[in-house]
Amino acid sequence: MLDIKLFANDLEGVKKSLASRNPALLTLVGEITELNKTYKELLTSVENMRAKRNELSKSVGILKQKDPAAAEEAMKEVSLIKTGMSEKENMLEEIKKKISNTMLNIPNMPDPSVTIGKDEKDNKEIRKDGAAPSFSFKPLDHHAVGEKLGILDFETAAVLSGSRFALLKGDGARLERALISYMLDKHAKKGYTEVVPPSIVNEEILIGTGQLPKFREDMYALEGEPKQFLISTAEIPLTNMNRGKVLQEAELPVKLTAGTPCFRKEAGTYGKDTRGLIRNHQFDKVELVMISNSNDSFNLLEAMTADAEDVLKGLGLAYRTVELCTGDMGFSSAKTYDIEVWMPSENKYREISSCSNCTSFQARRMNLRYKNAEGKIEFVHTLNGSGVAVGRALAAILENYQQEDGSVIVPEALRPYFGKDIIK
C-alpha cells in the first residue's frame, strides 16, 4: 500500500508515477483525492460540532441557576448536536473504509530508475550469460522429450486433475527432487534460512503481499470459514512471517528461502504455454525473500538477482536478464528483473525467475517495521524472487541437454543429488 500522505503532499508526483504504469490508474487516484477531500470536510464539521457541544454543555450548569428555560433549550441543542455528530462519525468510518479499499487496489509506484514503457516490448536487456547449445538434429520440446523417456505423463495427469497439470515419474520425479535440493543448498550457502511454510494461508496474509483483493480470481480458495487460500508462491508466507513486528536494524537483512508447491488458476489463454511444464495450475518453485532496511534494498535486489542467476550458471543453462518497464511490472513491485532461460525448441528465452524490490509497499499492508540506528521506527523494504521455477528449470534441462538418441545428459551440478549422469 502506498503512503496516503503522498496524495496530499505530492499528488502530481503520484499521478505521474502511476500513469507510467497505466493511465487508467488515474481514475483511482481521482477517487482517493475526492474521498480525502470529503473526509477532511466531514472531520472539520465534526470537530466544530464537538467544540459547540462542549461549549453548550459547560453553559448548561450555569443556565440552570439563572435561566432554566434557556438551560432546557441548550440541552436540546446538545442532544441534536450529538445525534448529528454520531451520523457524521459513521459517515467518516464509511469513507475510511472506502479509502482503505481503494488504496488496496492501487499498485506500487515504480522507482525513478525504471524505464517507462507499456509492455514487454519495452523491457530492457541487461546482460546475457552462456551459449545456446547447437544441435545436429532438430531439438524436440521438453513435452516430447519427457514423454518419450516415460518421465512425464500429461495424459494421466489430465485424467486425475484436468488440463494443465503434470505427472512426473521415475527419473522425472527424481530430477525434480534433485533440482529443489540443489537450489535450496545453493541458497543456504549464501545465507538464506530454509523454511517449510504452510501451503494454505488466511485471507489477510494475501492482502499483506498484494495478491488480494485485486487478483482473487487467480487464487484457489478453500470452502468454508475462515477464508483461506492455496499459496500461489512461497513469497506469501515467507514475507508475512514477521508481519506486525518491529525488527531491529541489526537483524536486517532477513534472508529466507523455501521450495514449495504453488497453485494458480491462470485463467487466461496462453496457446502453446498450456502444453508441457511452462504454465501449469500446480508447480514447484524455490523462492527467495529478503526483509531490508530502507537504504539497502536496491543493492540487495542486485544481489538477489545474482543469486537466482547463479542457479542457472551452475546448471550450465544460457540465460538473459531483463529489466521490466513500468507497464510490465507486477502489482507490488517498484523494480523488477526477469531472468529468462534459453529454450531450443522455441529458439528464444523464456522467463524462469522474477526478482522484485517492493520497497515499503507490502510492509505497510502487513505493518512490518524496524527501529533504525537512531531509534526511529520505519517500514521495512521487502524483496522477493524465484530462485528458480523448478518445472521450467526441468523443462530447460530436457531441451538443452537432449541427445539425438532421445537420452538427456544430467547437468554436473545435479549428479550428486540425482545419482547418475544420463537419463535414457
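Glycine is no exception: its Cβ is also placed from the backbone N, Cα and C atoms.
Fair warning: this is a prediction, and the values are worked out from it, not measured in the lab.
In Swiss-Prot this protein carries:
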type: BINDING; residues: THR233, ALA234, GLU235, GLU287, SER386; note: L-serine binding site
type: BINDING; residues: ARG264, LYS265, GLU266, GLU351, ILE352, SER353, SER354; note: ATP binding site
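Feature map: annotations from Swiss-Prot on the structure.
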| residue | record | DSSP class |
| --- | --- | --- |
| THR233 | L-serine binding site | coil |
| ARG264 | ATP binding site | coil |
| GLU351 | ATP binding site | strand |
| SER386 | L-serine binding site | strand |
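Long-range Cβ proximity for ILE352 (ATP binding site), meaning a same-chain Cβ under 8 A and a gap of 6 or more residues, is found for LEU312, TYR319, ILE339, GLU340, VAL341, SER386, VAL388, ALA389, ARG392, ALA393, ALA396. In terms of Cα distance, the binding-site residues that sit within 10 Å of ARG264 (ATP binding site) are THR233, chosen from THR233, ALA234, GLU235, GLU287. All chains included, 27 other C-beta atoms sit within 10 angstroms of the C-beta of SER386 (L-serine binding site). For GLU235 (L-serine binding site), the nearest neighbour among the binding-site residues LYS265, GLU266, GLU351, SER353, judged by Cα separation, is SER353.
A straight line from the CA of GLU287 (L-serine binding site) to the CA of LYS265 (ATP binding site) spans 19 Å. Close to the recorded L-serine site, the chain also has ILE236, LEU238, ALA258, THR260, CYS262, LYS285, VAL286, LEU288, VAL289, ASN384, GLY385: residues not among THR233, ALA234, GLU235, GLU287, SER386 whose Cβ is within 8 Å of the site's Cβ mean position. ALA234 (L-serine binding site) and SER353 (ATP binding site) are 13 Å apart (CA-CA, integer value). The maximal spread of the ATP binding site, taken as the longest Cα to Cα distance among ARG264, LYS265, GLU266, GLU351, ILE352, SER353, SER354, is 19 Å. Closest to ALA234 (L-serine binding site) by Cα-Cα distance, out of the binding-site residues LYS265, GLU266, GLU351, SER354, is SER354.
When the neighbouring Cβ atoms lying within 10 Å are counted for each of the binding-site residues (THR233, SER353, SER354), the highest count belongs to SER353.
For the pair GLU266 (ATP binding site) and THR233 (L-serine binding site), the C-alpha distance works out to 13 angstrom.
Between the C-alpha atoms of THR233 (L-serine binding site) and GLU351 (ATP binding site), the distance comes to 16 Å.
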